[in-house]
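Right, one structure below, let's go through it.
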Amino acid sequence: MTAVLVLEDGRIFRGQAYGATGTALGEAVFTTGMTGYQETLTDPSYHGQIVVQTAPMIGNTGWNDEDDESRGIQVAGYAVRDPARIPSNWRSRRSLEEALTEQGIVAIAGIDTRAVVRHLRERGAMRAGVFSGPDLADDAELVERVLASPRMEGADLYGAVTTKEPYVVPAAGEKRFVVAAIDVGIKFNTPRMMAQRGIETHVLPADSPFDAITELNPDGVFIANGPGDPATADKPVALVRQALEADLPVFGICFGNQILARALGRGTYKMRYGHRGINIPVVELDTGRVAITSQNHGFAVEGEAGEEWDTPYGRARVTHVCPNDGCVEGVALFSGRAFSVQYHPEAAAGPHDAAGLFDQFAQLMEGGR
Amino acid sequence: MPRRDDINHVMVIGSGPIVIGQACEFDYSGTQACRVLRAEGIRVSLVNSNPATIMTDPEFADATYVEPITPEFVEQVIAAERPDALLATLGGQTALNTAVALHERGVLERYGVELIGADIEAIQRGEDRLKFKEIVQSVGGDVPRSAVCHSMDEVRAAVAELGLPVVIRPSFTMGGLGSGMAHTPEELDRLASAGLAASPVTEVLIEESVLGWKEYELELMRDRHDNVVVVCSIENLDPMGVHTGDSITVAPAMTLTDREYQHMRDVGIAVLRAVGVDTGGCNIQFAVHPKTGRLVVIEMNPRVSRSSALASKATGFPIAKIAAKLAIGYTLDEIRNDITGETPAAFEPTLDYVVVKVPRFAFEKFPGADPELTTTMKSVGEAMALGRSFGEALGKALRSMETGTAGFWTVPDPDEEPDVATPTDGRIYAVERALRGGRSVEDVARESGIDPWFVDQIAAFVELRAEILAAPVLDADLLRRAKRAGLSDRQLAALRPEFAGEDGVRSLRHRLGIRPVYKTVDTCAAEFAAKTPYHYSAYETDPAAESEIAPQTEKPKVIILGSGPNRIGQGIEFDYSCVHAVMALREAGFETVMVNCNPETVSTDYDTADRLYFEPLTFEDVLEVIHAEQASGTVAGVIVQLGGQTPLGLAQRLTAAGVPVVGTSAAAIDLAEDRGEFGELLRTAGLPAPEFGMATSFEEAKAIAARIGYPVLVRPSYVLGGRGMEIVYDDETLAGYISRATTISEDRPVLVDRFLDDAIEIDVDALCDGHEVFIGGVMEHIEEAGVHSGDSSCALPPITLGRTVLEKVRRSTEALAHGIGVRGLLNVQYALHGDTLYVLEANPRASRTVPFVSKATAVPLAKAAARIALGATIAELRAEGMLPATGDGGDLPLDGPVAVKEAVLPFHRFRTRDGEGLDSLLGPEMKSTGEVMGFDASFGAAFAKSQAAAYGSLPTSGRVFVSIADRDKRAMVFPVLRLAALGFEVLATEGTAEVLRRHGLEVTVVRKASEGGGPGQETVLDRIKAGEVDLIINTPYGNSGPRVDGYEIRAAAVAHGVPCITTMAGASAAVQGIEAMIAGKIGVRSLQDAHAVLRKARS
């Protein structure tokens, strides 16, 4: 069955329907990870996006019951070149296509994904639609539908993925710390990695009042990754400012980095096509060491290596950059009381090079006692 | 962290001759290293005995020593050059072993040379099996479980724990002697008790078997700042039990989830750090249990390896180049990624295509060798292909093999049932046939151990085949899907007879506008723009699909066709010539385009040509590349004469398709290959050739033999490179040959040539521009005619040929070059029999000896040939300085330095089904995998060096065993007497001993194997096995049929590494070499020095 991927500038790619049929509208972005499609598809940060997978053969290891990073598939749509005909892995429970269909995700296969990537690289991430089955129409009509969909700039999306009710992920073994995690799109692996370090994580809805945090008497505050434009995340930014005023240790990842940076007075901007992959180098400016990181962001914090500035909470600085393009990958207070990174130390998918940041957070909380 | 400023002079060790398991990938890596170091302003001295390499071109190092890679010679080079550091991680195991030996002898310390890349401790930690296991466990990694046992009771207890099958490895035995795998309690009893008995300390290691587990490799790099990146993951299609060099391998890994992959990455990085490879690349091999996911570490190579070369070509991340930069102190983030030009090398490449490597075997060259694939590597080469899907890449890789079978369905199915359980060359075809025969994916996967995902990919081909067969017509949609799936026009033609061959499919395809797009290898899945045009083809069905070929610069383009996978008879020498063509034409203002599919080579480095197409060298694939290049600009010419038989074989069809093939024309190539036309040319020119005839039956063959006289050389008429050639001495063996030649028919007759017994064979490489002939070099073979020129050693300048003969050689070569119409290179083989110079064959193309001649004479023949092909004249090239102003390689000063080329043979890699060694006898069929060059002032010293480089040194004392055929007994006397005079004890078989005694020599008689041994009556085999023989001279009687004694002696020599000489000419040369060694230390000299002398002598 035919499917088409329509970009807002009128470029159209034709392939076959994959997963559910119908319409998917969202921002077309590409991810370069060669493994981890299950984690990627279930990562809340991809909410509202049509993900183009550069790895050409997808679905080889099927879909298992352990590797989801949230309650279900989060992407708006999915575009691949060659889906596996059968899954093969001892943990697989169903095929990727079954998972997509069950969860109503409209996808497309058989297109020249590399041509899509080159287009997005040159023109920037843009609105797109995947159409198949009854939703097919003539090209001009489909472009109109794409143009009628909302843009990513200014999109307030974390509300759609945050938990409705608070929940607790207990520490593995002895409980050493309590952390309040502001859920703007948290992945399952983050509390899991906290738990391994004796952290009991209280995952809170993104619009929780500060009282909800203080009630827990936490050792630290964590701000998760998440979708959408950080410029819209005023409430979480206010929450973080309150935490900083209370001198609580703060650690942020991805969207959390942008929120902390905003709380520290920095702006954010939309990148042309973002960083989405699991092979991205980040230089820690203090040591010059390079970590290979998992990343997924279309917005970034303004600034560059070596920058320092004053904030109401003390002097702050850029701590990490991506050597590919100089993009800010981490900010911190000089005091070390608050730090965040633009990449994903919780990986899933991706390398574990940056896992030490969770230890750093634990040490920070340890020192605060 | 910028580069270290305390390193100003680095010595690089190459890997020596091409052997199975160590091929031109180390020329690629070494060449990159030399380039990088020199670009940093570092003086580079290089040792490598292999003249066919690019790295030993004088322009790649400051001082190039084409000398044996033995600790003795390398020490001499160190003493002469006094380098600050030694880089030994880019020359394979040979270089690494040499570095360890130099360290152990205190040489590095004595001369203050620092080992960079990996230190001695790291090398040892990586290589010591038990130490390595401990390290893996210390970082939390898992290894195959094992137990050290000293009795059968302990063995049984261990097996109760581990479960069968187990691997048994006796401790402290040589070369894996006594090791094996036990599947049953009976096998266990037998193997373990034999192993305990074989071990001098009565100890065996019982190890859990990982046979049938999934096999993976990671290529990692680390810098001195402890940054680590994984460059590539490789998954073996064949499960554990088949050497990775013999497996079909795929990059990236196809059947791992991220969780499993990251676990592998974590373990790999931890092991790399613990072993302590400070800077550079390493390769770690893993096994994964297919049902439980348990991951164990198998081994690591603390150096650049064959897999690193593959990973470099597969990803565009140049591991060797980066390793060289890391070794001198740079860190990954300081090194730029050449391909993007803007991002650093501190990242992990990501692929938006699939890479498949298929090994190339040569079992047909070694009748009797067991073709089952094991943990001992047996393949002689490989081809790599890139596609947008596994199927497409597999299809391209299979048709790159040039074995006659070009992917599924291109040859008739064999009669026997497909065996998917036994790993063999071509098991993938058996998998396809089994599925086609109705077996299920699960079934085939279980039996073969191949992951179901891969088996299902083959099943997709089977389903597509059925669809194509059933379709009423091959319409555009189906054709497009078939091409996207990876089928060639030839495969489609095999399924649809109405096309009457691939030309019919192609014209339909072109009519429908179905052509491949060309994508780019860019390390980053198109995230960043690529600066380097490194392309591969793919078919897309999406109408919006894009091709990425850059428009041409203002320069005219020249396309150079490479030589494909290494095989016996066509190896690195041809890559050398292709690379030289690229260098010369670039310099002359052309834009160069390389097409090749061999991942080991320098030619497929994205840095070599202006544009690189990593494509099969089939007519279809080449034609599409030419079409794409013509669409982006003007193609001035396509060069087919430098890549060996592969591109040469395309000349006619390309010409017929209107492609501008430059250099010697297709018609001229055809003339040289057509016996009738070529015979006419010889007659006209008055050049004698051995008499011959063609036979389609034994009776006819016998009649021809009677007419021209025995011995005769017989061979099938339709193969090249000495395949199936034999020398036959009588009717009986002739009858035997004809009866074995099953494919004999009217259109495939057997050629019967007069064989010139005891003739001296002469090889000539020459250039011709249509006006003038330039003799590159005249090589005199050391073995008599009858040994394939590729297996024969030879000397340049000739050592015994007089001026009259040389003059005759020149005149004949000139007549041939003009008669054929050569525009470029010509290779002629002559046989001097009495006073007559016979023409054996003439090949209007670059030969295997071009690099050897170029290095021995300081004249770049392949560069000149490429220029001539594009219109330059020899006179112009002389004026430019590319060729000498006057004279040529035919009038070298006869008192100048002598270069000896020696072939390296792979017999020790193979075993018969019974586990015996193979016969090392040389004949008209080529068997060598590589070559070395010995270069010195005298023939004796040059020959001794060639032997040291090829086989380890000739002995200078000890015992020589002599067993000589009757016809050689006269020639034997002098050299054997000389050996005795030099202090050797002479052992001989009865008949040989008798003759020697008559010349007053004390000889110890040893029994032939066929005479049987007994207490106090050792046979020669016993003495060889006991290590009591240092040199063997054994010339065989006749050349066909069973010659049991000779065979067993030679097989034992191979198995025990004793030098074994099978011709009297070789024996005489060896005696001269031994004399030179005894007379005094043989020195070393750089090629640059020798070339300066040669040039001076000419001017």
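Glycine is no exception: its Cβ is also placed from the backbone N, Cα and C atoms.
Feature list (source: TrEMBL):
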REGION    A:1-175  region 'CPSase'
DOMAIN    A:1-131  domain 'Carbamoyl-phosphate synthase small subunit N-terminal'
BINDING   A:SER45, A:GLY226, A:GLY228, A:PHE255, A:GLN258, A:ASN296, A:GLY298, A:PHE299  L-glutamine binding site
ACT_SITE  A:CYS254  active site, nucleophile
ACT_SITE  A:HIS344  active site
ACT_SITE  A:GLU346  active site
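Sequence-ordered, the extra residues of this chain that approach the L-glutamine site, with Cβ no more than 8 Å from the Cβ center of A:SER45, A:GLY226, A:GLY228, A:PHE255, A:GLN258, A:ASN296, A:GLY298, A:PHE299, are A:GLY185, A:ASN225, A:PRO227, A:ASP229, A:PRO230, A:CYS254, A:HIS297. Cβ neighbours of A:GLY226 (L-glutamine binding site) (same chain, under 8 Å, six or more residues apart in sequence): A:PRO44, A:SER45, A:HIS47, A:LEU157, A:TYR158, A:VAL161, A:THR162, A:ASP183, A:VAL184, A:GLY185, A:ILE186, A:ALA206, A:CYS254, A:PHE255, A:GLY256. The maximum pairwise C-alpha distance among A:SER45, A:GLY226, A:GLY228, A:PHE255, A:GLN258, A:ASN296, A:GLY298, A:PHE299, the residues recorded as binding L-glutamine, is 13 Å.
With a 10 A radius on its CB, A:GLY228 (L-glutamine binding site) counts 25 other CB atoms from all the protein chains. Most buried of the binding-site residues A:GLN258, A:ASN296, judged by other Cβ atoms within 10 Å, is A:GLN258.
Annotation note: A:ASN296 (L-glutamine binding site) sits in a strand segment as assigned by DSSP. Here the binding-site residues are A:PHE255, A:PHE299, and the one ringed by the most other CB atoms within 10 angstroms is A:PHE255.
A:GLN258 (L-glutamine binding site) and A:HIS344 (active site) are 13 Å apart (CA-CA, integer value). A gap of 12 Å separates the Cα atoms of A:ASN296 (L-glutamine binding site) and A:GLU346 (active site). DSSP classifies A:GLN258 (L-glutamine binding site) as helix under the three-state reduction.
In the structure shown, the C-beta of A:CYS254 has more C-beta neighbours within 10 angstroms than that of any other entry among the recorded positions A:CYS254, A:GLY298. Look at the domain 'Carbamoyl-phosphate synthase small subunit N-terminal' (A:1-131): DSSP puts its residues at 26 helix, 53 strand, 52 coil. Separating the Cα atoms of A:PHE299 (L-glutamine binding site) and A:GLU346 (active site) is a whole-number distance of 19 Å. The most densely surrounded of the recorded positions A:SER45, A:HIS344, A:GLU346, judged by C-beta neighbours within 10 angstroms, is A:SER45.
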